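S.K.: Quick one: structure below, then a few questions.
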Amino acid sequence: MPILPGQATYRILDASINRATEGLRTLEEYARFAQDDAAASGCFKSLRHDLTTAVGDGLDRQRLIQSRDTPGDVGTEIRESTEYKRSSSQQVIAAAAARIAQSLRVIEEYGKTIDARFAAQIEQIRYRAYQACATLELAAFTNTRVTQLAEAKLYLLIDGGESETQFTASIEQLAKAGVDIFQLRDHSLDDRTLYERACVGAAAARKHGRLFIVNDRADIAAAADADGVHVGQEELPAAAARAIIGDRRLLGISTHSIQQAKEAVDDGADYIGCGPVFAGRTKQFDAYVGPAFLQQVTQSISIPAFAIGGIDQSNVSEIIAAGCDRIAVTGAIRDAEDPVHAAKKLKQSLRWEEPNR
Ligand SMILES: Cc1ncc(COP(=O)(O)OP(=O)(O)O)c(N)n1
Ligand SMILES: Cc1ncsc1CCOP(=O)(O)O
Ligand SMILES: [Mg+2]
């Protein structure tokens, strides 16, 4: 069927309106279901609504529908190889944002040939869409776990406790006392109980804006929606753990030498554990790295590094003197007469203060 010039314009407009609406809907769903952000979701919904209203008022809907000729559209056969590839939700968002911007611009330009007032309305919608897309993209790219990790100083390795109730109560009390990261480390629990503790622990930590990591088990970390997993040198390799937990969860790796620390960075760790620094009651070792290793790490490693092993109030100053102000502990809090007080005191010791000059 030959296409009249006016019909071609309507055909372009129809395709672009559909594209813009689909893109807006894609972002609306992300804001609603992935970010639980009612304001952002509402913003995309009203953009969609305003676009539909502007089209209804400014264009002849019958002509739009009559111009549609999907089987005859030569463009449906042309596909870029990247068009079917989206390896993360961030890519989905970036693609949808680009589609919205382009299609609104097309509607505006071709709309000018029909009705200047309609084109001006679309221009306003386009500006609002730019702003909404930029805000959503920024939020999607910012991993709040990484931001929280960057600020964390006190990391506690904790077992599953006597019951779910006791476990969550401990996490809540210690989170208020200043523990920034909890790691569920319990080799005695069966998988089901470990998973259940991880679920309630992650929720309790999140309630107080703290992170919750699972020791050794990437599968349980992902299933329980924890913030990440911590693996040792003889456990899952970094790439395998990452494949299970995904890009948005944190990966911690134990390191015992500067080579291992550098490897961990290259392998994509978000943080490292450095130790064992001193002898402690929780786990026995044949050798200890001492504060000298911490000095090497603070001089050459850029990701957060937590000193671990036998650290308590009596020797935390040695860690700080080595240039490290992040510690991971078990016994210092677990075995204290007053664990909340012990956590508060450790946290105070880690606060960086401007030295007198
Ligand atoms: C923060 C942190 N650092 C080091 C370790 C030790 O991990 P690993 O060497 O795998 O030993 P286990 O904890 O699995 O016995 C850790 N768990 N956390
Ligand atoms: C799991 C682990 N890995 C190195 S040291 C350590 C135990 C930490 O516990 P504590 O602080 O009681 O020495
Ligand atoms: Mg381990």
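Note that Cβ sites are derived from N, Cα and C of the backbone, with glycine treated the same way.
Below, the features straight out of TrEMBL:
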DOMAIN    11-133  domain 'ThiD2'
DOMAIN    154-333  domain 'Thiamine phosphate synthase/TenI'
BINDING   Asn215, Ser254, Lys283  4-amino-2-methyl-5-(diphosphooxymethyl)pyrimidine binding site
BINDING   Asp216, Glu235  Mg(2+) binding site
S.K.: Quick check on the binding-site residues Asp216, Glu235: which one has the highest count of other Cβ atoms within 10 Å of its Cβ?
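M.R.: Selected residue: Asp216.
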S.K.: Excluding Asn215, Ser254, Lys283, please set out which residues of the same chain place their CB within 8 Å of the center of the CB atoms of the 4-amino-2-methyl-5-(diphosphooxymethyl)pyrimidine site, keeping sequence order.
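M.R.: These residues sit around the 4-amino-2-methyl-5-(diphosphooxymethyl)pyrimidine site: Leu157, Arg185, Asp216, His230, Gly232, Gly273, Ile308.
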S.K.: DSSP says what for the domain 'ThiD2' (11-133): how many helix, strand, coil residues?
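M.R.: Residue counts for the domain 'ThiD2' (11-133) by secondary structure: 101 helix, 0 strand, 22 coil.
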S.K.: Please report the distance from the Cα of Asp216 (Mg(2+) binding site) to the Cα of Ser254 (4-amino-2-methyl-5-(diphosphooxymethyl)pyrimidine binding site), rounded to the nearest angstrom.
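M.R.: Answer for this pair: 11 Å between alpha carbons.
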S.K.: Could you state the CA-to-CA distance between Lys283 (4-amino-2-methyl-5-(diphosphooxymethyl)pyrimidine binding site) and Glu235 (Mg(2+) binding site) to the nearest Å?
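M.R.: With distance taken Cα to Cα, Glu235 (Mg(2+) binding site) is 17 Å from Lys283 (4-amino-2-methyl-5-(diphosphooxymethyl)pyrimidine binding site).
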S.K.: Which binding-site residues from the list Asp216, Glu235, Lys283 come close to ligand 2, meaning a Cβ under 6 Å from one of its atoms?
M.R.: Lys283
S.K.: Quick check for the class: what is the C-alpha distance, in angstrom and rounded, between Ser254 (4-amino-2-methyl-5-(diphosphooxymethyl)pyrimidine binding site) and Glu235 (Mg(2+) binding site)?
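M.R.: Roughly 10 Å, rounded to the nearest whole number.
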S.K.: If we count other C-beta atoms within 10 Å, could you say which of the binding-site residues Asn215, Ser254, Lys283 has the fewest?
M.R.: Lys283
